[in-house]
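Working notes for the structure below.
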Amino acid sequence: MLAGVMNELSAARTGAQAPAWRHLPALQQPAYPDEAALAGVVADLRRRPPLVFAGEVDSLRDLIAQASAGDAFVLMGGDCAESFAHNTADNIRLKVQTILQMAAVLTYGASTPVVKVGRMAGQYAKPRSSDTETRGDVTLPSFRGDSVNGHEFTPECRIPDPTRMLDAYLRSGTTLNLIRAFTMGGYADLREVHSWNRGFTANPAYKRFESFADEIDRAMRFMEAAGVDFDALRQVDFYAAHEALLLEYEDAMIREDSRSGRLYDTSAHMLWVGERTREADGAHVAILAGVHNPVGVKVGPTTSPDDIARLMDRLNPDGVPGRLSLITRMGAGRIRQALPALVEAVRADGRPVTWITDPMHGNTITSDNGYKTRRFETILDEIRGFFEVHRALGTVPGGIHVELTGDDVTEVLGGGEHIDEAGLAEHYETLVDPRLNHQQSLEVAFEIAEMLKG
Ligand code: PEP
Ligand code: CO
């Protein structure tokens, strides 16, 4: 994140009009039992400092614009749901490390800068397919993420508690603080990151990537010989994004940038709306229409070209480059059929979007032994399909959005470690969706780098 752009964001909304969303249909919102408690939390949040700054947000929008033109590649990754229990220094460090390692490989493969965006520092609220969960003869509200209620299946935990939003705000702030320290303090040194990747390819399971790592070695020796100042490459920009799901929280984090009079959602640099809440006339799209951040929309296989046109009208009427990313999550079996019509419609429209693939959410299955999981091969297949469609149409694949963790979890089947159904039981820790573990994440990065080169 950029030092020296700490322009003021005032809590008062003097000039710009706050986004109007309260009269619109709002899906996936918690049913808080105590309205007054909710109002108290919202008033408290409105007085608190912003978590990100307008200048940083603008820089990210510019980078995403470059990605839409093929001059950069976006890498978004992190937990499906961050949790308060795993909000530790080690957990954050390992996730940042994993993303930096992936980015180093992708930078080489794409021969362009990689825009690093953590699904971190705020990814605490989840849409659910059902409002309630039943176990035996007990029915309770579904778990909606740690910023809403607790995962434990008891009435006390499952009743939505607005004070959890204050906890989420503080944890997001401390997470950002640590990310800033890591990425500005030398931890992101390219030489160091590359040596971690050499450690990965030294493992016989990943031998096939060794020649690729050798090429990066040679490129780095060349850079050194040519006098590149590696010390100047010790700092990287790293951004934060999450799903804008909890309307009260996002609204309470909107601030006016005193330089421009524009509104920013200062809970994260980038926000996206999920597949379940992306109605062009709904409250979630309305709130993002009213702020100046770069925004994303998750786009599933039922999306029509007309839906996309209406989303562009609402979220990016003037066609500002970098403002709107479409994050496609079609499923490996459907992307090759479903994506072309949408890409063609956007091309005909003429306003730019950045196409990002989420190869996770269209490929969720339940294993025979009852785990919500995904197959590594299927994830790769959706990524391949994404590149194939864009290559065939001459359009730009702008980035990837994945669920990952830096830990050695066993949640996704397959990969070089050959995690099988029985293996899922070993370290299955996710609260919601299965994540690529550290090794699987690197494997994905090497595979994509090869696709980008090829
Ligand atoms: C998610 O990103 O965790 C998610 C719920 O995705 P989608 O909205 O694409 O289903
Ligand atoms: Co998910």
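Using N, Cα and C of the backbone, Cβ positions are placed for all residues, glycine too.
Remember, it's a predicted structure, so these values are computed and weren't measured experimentally.
Mn(2+) binds Cys80, His361, Asp433 as TrEMBL records it, and from the list Glu35, Glu56, Glu388, Glu403 the residue named for this site is Glu403.
Among the candidates Arg93, Arg329, Arg334, the residue that TrEMBL names alongside Arg119, Glu275, Arg276, Lys298 for the phosphoenolpyruvate site is Arg329. Separation of the C-alpha atoms of Glu275 (phosphoenolpyruvate binding site) and His361 (Mn(2+) binding site): 10 Å, rounded to the nearest whole number. Geometry remark: Asp433 (Mn(2+) binding site) versus Arg119 (phosphoenolpyruvate binding site), CA distance 13 Å. Under a cutoff of 8 A between CB atoms, and with a sequence separation of 6+ in the same chain, the neighbours of Lys298 (phosphoenolpyruvate binding site) are Trp272, Val273, Gly274, Glu275, Arg278, Ile327, Arg329, Asp358, His361.
With respect to ligand 2, the binding-site residues Cys80, Arg119, Glu275, Arg276, Lys298, Arg329 contribute Cys80 as residues with a C-beta closer than 6 angstroms to one of its atoms, given in sequence order. According to DSSP, Glu403 (Mn(2+) binding site) is assigned to a strand segment.
Its Cβ taken as reference, His361 (Mn(2+) binding site) is surrounded by 21 other Cβ atoms within 10 Å in the chains shown.
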